[in-house]
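All remarks here apply to the structure that follows.
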Amino acid sequence: MMNDALTSLACSLKPGTTIKGKWNGNTYTLRKQLGKGANGIVYLAETSDGHVALKVSDDSLSITSEVNVLKSFSKAQSVTMGPSFFDTDDAYIPSANTKVSFYAMEYIKGPLLLKYVSDKGAEWIPVLMIQLLSSLSVLHQQGWIFGDLKPDNLIVTGPPARIRCIDVGGTTKEGRAIKEYTEFYDRGYWGYGTRKAEPSYDLFAVAMIMINSVHKKEFKKTNQPKEQLRSLIEGNPLLQKYKKALFSALNGDYQSADEMKKDMLDAGQKAAQRKQPIKASPQPATRQRQQKPRQGKITKTRYTPKQKPAKSGGLFETTLIVISVLALYFAYIIFFLI
């Protein structure tokens, strides 16, 4: 929820407003508001080089913290997770009679995660989560925990499909207290642990994102939250395939994102193998008997054309081809894009 100062600032920064940096002198023309949070507002802005996403805030410390996170992403060569960083500066807004801090970053275009899954199908959920775990692994190795990990902060770009994060406001140094979180994806809310910034905190959120992606809505916890989540996982065919990874993530058993990723990959491969039907052995062809000609008469052997295979055989082969193509595409996504 925004404070009063940010609410006033949002009213002042309308489409068409131009912001000029005090120190670097770069100019940004606001086109529309993309989102807002507890510590700032994000706009689509236009520059001489194209479009950027511009985050504006009256809290210079929060801007500095987020800039450090984006720079860390770049150093770790993990820009595929978060947006690329371009510029940071201060500016004076005459219409609001206030000084603001801002930073410019890559404008990431694409549908939000839940929209993408709704359009393309639930089979994309594990593929995208495996990609997310790859990015989280790099982030954690740099000493950062994403914190406020949720579908509203995840966009799918492409083709080829690639999951990206669009808000690093909750990213926290490992070992500290998580500074921003959303209850539904927070392990403290569900009674599974503390809000200490550590890899297992993010992995709990990944499990909740998978549950939310399947059930398509957030829900309130009951008086038995752990049993509630267990029932939701075991009661859904897709989630059940990955229940080992999901239960381990919920219980905080993983020490790294790579461990969860391995279990997800193993579960996906087992599910793909179970889908492939076993091809029946072909029946040996029976030779057509030739009638022995009677003596004194020449008997022509009648030619009998081979019977066409039944339609069910063609359907079987078509099904096998489709499954093989899907398996190859799944492997392509995992081994070439992750």
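Placement of Cβ uses the backbone N, Cα and C atoms for every residue, glycine included.
What Swiss-Prot lists as domain 'Protein kinase' is 28-286. Residues annotated as ATP binding site in Swiss-Prot, with sequence analysis given as evidence: Leu34, Gly35, Lys36, Gly37, Ala38, Asn39, Gly40, Ile41, Val42, Lys55. What Swiss-Prot lists as active site, proton acceptor is Asp148. Among the features that Swiss-Prot reports, region 'Disordered' is placed at 266-312. The compositional bias 'Basic residues' annotation in Swiss-Prot covers 289-309.
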Counting across all protein chains shown, how many other Cβ atoms sit within 10 Å of the Cβ of Ala38 (ATP binding site)?
-> 16
Same-chain shell around ATP excluding Leu34, Gly35, Lys36, Gly37, Ala38, Asn39, Gly40, Ile41, Val42, Lys55, C-beta within 8 angstroms of the CB centroid, reads Val56, Ser57, Asp167, Gly169
Which of Leu34, Val42 (the binding-site residues) has the most other Cβ atoms within 10 Å?
-> Val42
Collapsed DSSP category at Ala38 (ATP binding site) = coil
Rounded Cα separation (Å) that holds between Gly40 (ATP binding site) and Asp148 (active site, proton acceptor) = 15
Nearest to the residue listed as 'active site, proton acceptor' by Cα, among Leu34, Lys36, Ala38, Val42 (binding-site residues)?
-> Ala38
Largest CA-to-CA spread of ATP binders Leu34, Gly35, Lys36, Gly37, Ala38, Asn39, Gly40, Ile41, Val42, Lys55, angstrom | 14
By a simple count of other Cβ atoms within 10 Å, which of Lys36, Gly40, Asp148, the recorded positions in the record, is least packed?
-> Lys36
